[in-house]
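Engineer: Below are the features I grabbed from TrEMBL:
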- 1-19: compositional bias 'Gly residues' (COMPBIAS)
- 294-303: compositional bias 'Pro residues' (COMPBIAS)
- 306-316: compositional bias 'Basic and acidic residues' (COMPBIAS)
- 189-289: domain 'HTH araC/xylS-type' (DOMAIN)
- 1-29: region 'Disordered' (REGION)
- 287-328: region 'Disordered' (REGION)
Amino acid sequence: MAGRSGHAGSGSTGPGDGGDAPRRDTRGIVQGPGLLARVDFRRRLPAGPLRRWIEHYWLIDWDLEQPYVARVVPHPCVNLVLERRGPADAVPATGLVSGVGTGVFSTELKSVGRVVGAQFRPGGFRPFLPAPRSLAQFTGKRLALDEAFGPAGAVLPDRVLEPEREGERVAALDAFLLSLRPAADPAAEQAMALAHRVRTDRSVLRVEHLAAAAGLSVRSLQRLFAAYIGVTPKWTILRYRVHEAMERATGPGTDWARLAAELGYSDQSHLIREFTAAVGVSPAAYARAAAAEPRPPASPGPADPRSGDHAPEPGHPRPGAGGQDRLP
């Protein structure tokens with residue numbers, strides 16, 4: 001399984017490695033720069049004990065004169081999403097658990113709003129459930145918080161979204177997730193490690209190769225992914241390959257035939273078919289649309305993602321702040 005590893009620009013940290021900064025890429029967002037030029041998007045790390053299972057928290061505030069439809073080609077991850085779409089004194093806070101989405105996710109952002117989410121690592125959500133459940137039951141679905149976590153989940157949206165100071169929101173989410181007392185699970189650790197390998201090692205192109213590297217039969221690997229991630233190993237490989245193509249498609253003078261070969265497609269037409277099926281437009285059309293989008297202002301972000309509160313004046317978030325990041 002030797003080969004080129006480390007997808008360009010992913011900045012990703014491995015499962016359980018306790019990295020000191022969130023990822024800084026836009027993988028998965030359809031026309032990411034256009035979205036990040038319109039909203040205030042940040043990432044924050046969870047409390048240290050949670051980092052083995054949770055990739056990062058993601059926070060969005062917006063105040064838009066015109067509605068904007070954000071679209072995401074989802075990662076093979078579960079997300080805990082808490083949101084308020086409208087003024088705090090007029091609209092209640094809501095929450096849900098979003099299983100792995102198999103199609104393009106679209107949502108209309110309008111007026112004012114706030115979202116706080118937790119993106120779990122692929123394979124990292126199951127230890128937080130009150131009782132073991134196959135993650136395949138969550139795929140393509142959205143669950144109410146009390147259905148996923150029991151009665152304690154019902155009060156979570158208000159506790160997290162009410163504070164104006166970002167650090168207090170992060171602390172409230174930390175406290176809830178720590179209260180669930182996730183326990184070490186060797187199978188979850190294995191699933192997370194294998195998904196991380198698929199994401200970061202471009203030479204992983206076939207399920208049987210991944211199974212051999214893991215010391216598992218193909219069938220055992222498929223059962224592990226279904227139970228702990230919610231999708232098949234093949235789907236995971238294809239999804240990360242499309243994310244790489246999306247990222248590379250926005251570069252200048254993309255050589256599509258060369259990119260197809262680098263990503264393991266049989267030819268350029270194979271790349272175009274898979275890209276179009278996953279994203280909804282061809283790579284060339286995607287590149288043209290990306291070039292026409294506004295660019296977010298540069299922002300290096302805080303040196304320590306967990307230091308310093310980010311509390312813009314209510315109703316007036318700074319568009320594009322933290323523009324190097326991406327939606328979950």
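Placement of Cβ uses the backbone N, Cα and C atoms for every residue, glycine included.
All TrEMBL annotations are machine predictions without curation.
Keep in mind that this is a model prediction, so the values were computed, not measured.
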Engineer: Provide the three-state DSSP residue tally for the domain 'HTH araC/xylS-type' (189-289): helix first, then strand, then coil.
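Structural biologist: Split into helix, strand and coil, the domain 'HTH araC/xylS-type' (189-289) gives 74 helix, 1 strand, 26 coil.
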Engineer: On average, what pLDDT score does this prediction assign to the domain 'HTH araC/xylS-type' (189-289)?
Structural biologist: 93
